[in-house]
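Below is one structure, written out as structure tokens; comments come after it.
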Amino acid sequence: MKKIFFIFFLIWTSLSVNAGVFDKKNAFLKAEQAFVFTESQQNDRLSLNWDIASGYYLYKKSLEIKGENGQLFIPQLPLAEIHQDDFFGDVEIYRHQLTFSLPFTQLSATKQVEITYQGCTEGFCYPPETRVIALTSLERESGQISSAVLKEESVLSELPLAEQDRLAAKLIESKYAVFWFFLFGLGLAFTPCVLPMLPLLSAIVIGREQRPSTAKAFGLSVVYVQGMALTYTLLGLIVAAIGLPFQVALQSPYVLLTLSAIFVLLALSMFGLFTLQLPVSLQTKLTQYSQQQKSGVFGGVFVMGMIAGLVASPCTSAPLSGALLYVAQSGDLFTGAITLYLLALGMGLPLIFITVFGNNILPKSGNWMIQVKNAFGFVLLALPIFLISRVFPEIEMPLWFSLAFAFSLWLLYQFRNNKGVWVFTFILGVMGYLYYSYAMNRHTPAHQTTSLSQFERITSYAQLQQVLSKNPNSLAMLDLYADWCVACKEFETHTFSDVAVQKAFTDVLLLQVDMTKNSEANRELMQKLHVIGLPTLIFFNQQGQEIEGSRITGFMQASPFVDWLQKMKSIQPISQ
């Protein structure tokens, strides 16, 4: 068993070490070298030119020219080439060179234009590039851009992406992104939301009067994983297509509390307090039906796999968020289904290995199984604590401490004749108590109340624009919050209440929108800001404009969040 875990550990760590296969920094040109941009203003026209390196191309649909007030200018573009893209299908592109011009009469309502474009090459895509051109001189030298603009672009280029955005970008860059989802799934298999599923599957396969054969154990585990894979595939497609309304239903406190109650019952049954079973009469009928149709047991395992997929979904981590973001950006439902299926298959592979190999390694049934069953009960109790704490964060630490204390007492009883275990457990208990005391003092309700009181509530997009216009010299952060959003509560409890974060907030305008009711004003604001789900944090500069590449669309711990804020602030002194 240890060898199996070691193999999976090597696979996951090698994936992290070799993450550079996505970048290929030495194999590709820098964006400014691949797409050499120049501009000139003469003869009452603004001329734009891109010299495109061999093997590289620009997307026609990515070209966008905006004025300082956000108005769009539509240029007359030359005929584009049709290209079969790995992710977007048939797209129009430009190779070698792109040149066009705009008359100043068309640009008379603005003093500057913002030009956005994006290019790719085989197996690699660049993030969108933006150039700002001031229209103050008709004889401006070709390619000249203000130092302030260059400085801002330099700062933005160094800005770290959020974890889910960084993952999505790497996946889109990779030609074989679909297959990488399988490896990411292996990593997700060891997250707190998936790990508790291991004893549940073991109970299905091993916890029978007669242990199933290796072939049947393999079959049960595969069917279980297929049920989980189906759930994740459908979940990903629904989230990508619907967004917020589905999040509302799935992350509702009622759903989380119901799931928690189910796992508490399962844990109590594993402690032997009672046996969960159907009435004898119904069991007899089901047994007869099962004998007539051999797939009955497998069908039940398939349904349990689907349920396991739903249980894990509220605890979506950054890699899964990146996967969903990738599906949303690809726009291809078939590709999205395949990628998320492989993600779930990777998550289920460790379950299959543990079930099959564990079935042969474990000794015959005996008293040891009672101890294992009780231990699994403690593991099952961890998941409801994890879920309940997202609805009632103030009781998270007391619940974890209570579970750890109960497990320690049980462990000491099992090894009551082993002094070494007593000493080791005592040391762990002292360390756990010290950490508990520290955590309780660090995240008190007073701290949380203070952090929330700093936010100014926004109810509409119009009000947001008005507030931003009255604070032109402040960095503003907009927090899209909802009571049903469990990750939003994590931000409040673990991030916003942190002392270092509170200190970093001193010169930041803090705004918050309550999206709980999903009202018409909420939907309008989401549409205007292009928000697909919660939590979402958006940063605005001193002009009230969103800072490009600065969004946070998933939970972030306090330390990296402080670094993020410092990066945002480093952009603010720039004046154009």
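Heads up, the Cβ atoms here are built off N, Cα and C, so glycines get one too.
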Compare the membrane side that Swiss-Prot records for Ala229 with the one it records for Phe392, and say whether they match. no
Conformational class of Cys120 (disulfide bond) under the three-state DSSP mapping: strand
Alpha-carbon spacing, Cys120 (disulfide bond) to Cys488 (disulfide bond), which is rounded to whole Å: 35
Which residue counts does DSSP give the topological domain 'Cytoplasmic' (416-419) for helix, strand and coil? 1 helix, 0 strand, 3 coil
With DSSP as the reference, give the number of residues of the topological domain 'Periplasmic' (441-576) in helix, strand and coil. 64 helix, 24 strand, 48 coil
Within the same chain, the residues 6 or more beyond the ends of the topological domain 'Cytoplasmic' (416-419) and with Cβ under 8 Å of it are none
